[in-house]
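Asks: First the structure, then my questions, so here it is.
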Amino acid sequence: MKSLLFCCLFGTFLATGMCLECEICIGLGLECNTWTKTCDANQDTCVTFQTEVIRAPVSLSLISKSCGTSDTCHLNYVETSPHNELTVKTKRTCCTGEECKTLPPPVLGHKVNPPNGLQCPGCLGLSSKECTEHLVSCRGSENQCLSIIGKEFGLFFRALSYKGCATESLCTLFEKRFWNVLEDVEVDFKCTPALPKSSQ
C-alpha cells in the first residue's frame with residue numbers, strides 16, 4: 001500500500017512515468033500461483049527466476065516472480081556450489097507490461113559445469129546461522145567465494161547459513177538486494193575472490 005501511494009503521488013517524477021505492477025510468486029516446478037503487486041518507486045521491471053538445484057542424477061526446479069530493477073537484467077545467469085556434489089543454477093528474464101504475458105519462462109539445462117581449478121569454503125545450514133565448512137571445487141564461471149547469513153524466511157525456515165563458490169553475477173545481484181519476492185528476508189553477505197587449489 002505504501003509503495004502504491006508513493007508511486008501515485010510522485011509518479012510524474014519517475015523515469016517510467018507510471019506505476020509498475022508485477023506478478024509475485026514462488027513455487028516448485030515451472031509454474032506458481034501468482035498475485036499482483038504494485039512495485040516500489042525504484043523498481044522498473046518484472047523478473048522471473050528459474051532455478052535448478054542439481055545433485056546428480058537428481059534435480060529440483062523452482063520458479064519465482066517479483067519486481068526488480070532493469071540495471072540487473074544483464075545478470076541473467078548465476079551459479080553457486082555449496083558442496084562438491086551440489087550445484088544451484090538460476091536464469092532470469094525481465095519484462096514489463098503486455099510482454100510479460102507472452103514471454104516464455106527462462107530455460108535451464110541439467111548439465112553441471114566442470115571444475116575450473118578454484119576453491120572456496122562451502123557449507124549449508126538450514127534453520128541455523130552456523131554451518132561446518134569444507135573445501136569446495138568451483139565450477140564453470142564460479143570465481144567468487146560467497147558467504148551468506150540470513151534470517152526470517154517466512155514459511156521456509158527461520159535462519160540460513162551458506163558458504164560456497166559463486167559467479168560474479170550472483171554477488172552483484174546480492175549487492176542489488178534482488179530477493180524482494182520475500183519481503184521479510186534479512187540477509188548479510190560477503191563475496192571474496194576464489195583461490196587456486198594450491199593456495200588453500
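The backbone N, Cα and C atoms fix where each Cβ goes, and this holds for glycine too.
Pasting the relevant annotations from Swiss-Prot:
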type: DISULFID; residues: CYS22-CYS46; note: disulfide bond
type: DISULFID; residues: CYS25-CYS32; note: disulfide bond
type: DISULFID; residues: CYS39-CYS67; note: disulfide bond
type: DISULFID; residues: CYS73-CYS94; note: disulfide bond
type: DISULFID; residues: CYS95-CYS100; note: disulfide bond
type: DISULFID; residues: CYS120-CYS145; note: disulfide bond
type: DISULFID; residues: CYS138-CYS165; note: disulfide bond
type: DISULFID; residues: CYS171-CYS191; note: disulfide bond
type: SIGNAL; residues: 1-19; note: signal peptide
Asks: Among the disulfide-bonded residues CYS25, CYS39, CYS100, CYS138, CYS145, whose Cα is within 10 A of the Cα of CYS171 (disulfide bond)?
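Replies: For CYS171 (disulfide bond), the disulfide-bonded residues whose Cα atoms are within 10 Å come to CYS145.
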Asks: Should any of the disulfide-bonded residues CYS22, CYS25, CYS191 have a Cα within 10 Å of the Cα of CYS39 (disulfide bond), which are they?
Replies: CYS22
Asks: Restricting the comparison to the disulfide-bonded residues CYS73, CYS95, CYS100, CYS145, which residue's C-alpha is spatially nearest the C-alpha of CYS46 (disulfide bond)?
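Replies: Closest candidate to CYS46 (disulfide bond), judged by Cα separation, is CYS95.
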Asks: Taking just the CA atoms, what is the gap between CYS191 (disulfide bond) and CYS67 (disulfide bond) in Å?
Replies: 24
Asks: Find the one among the disulfide-bonded residues CYS32, CYS67, CYS165 whose C-alpha lies closest to that of CYS73 (disulfide bond).
Replies: CYS67
Asks: Name the one residue among CYS22, CYS32, CYS95, CYS100, CYS165 whose Cα is closest in three-dimensional space to that of CYS120 (disulfide bond); these are the disulfide-bonded residues.
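Replies: Nearest by Cα distance to CYS120 (disulfide bond): CYS165.
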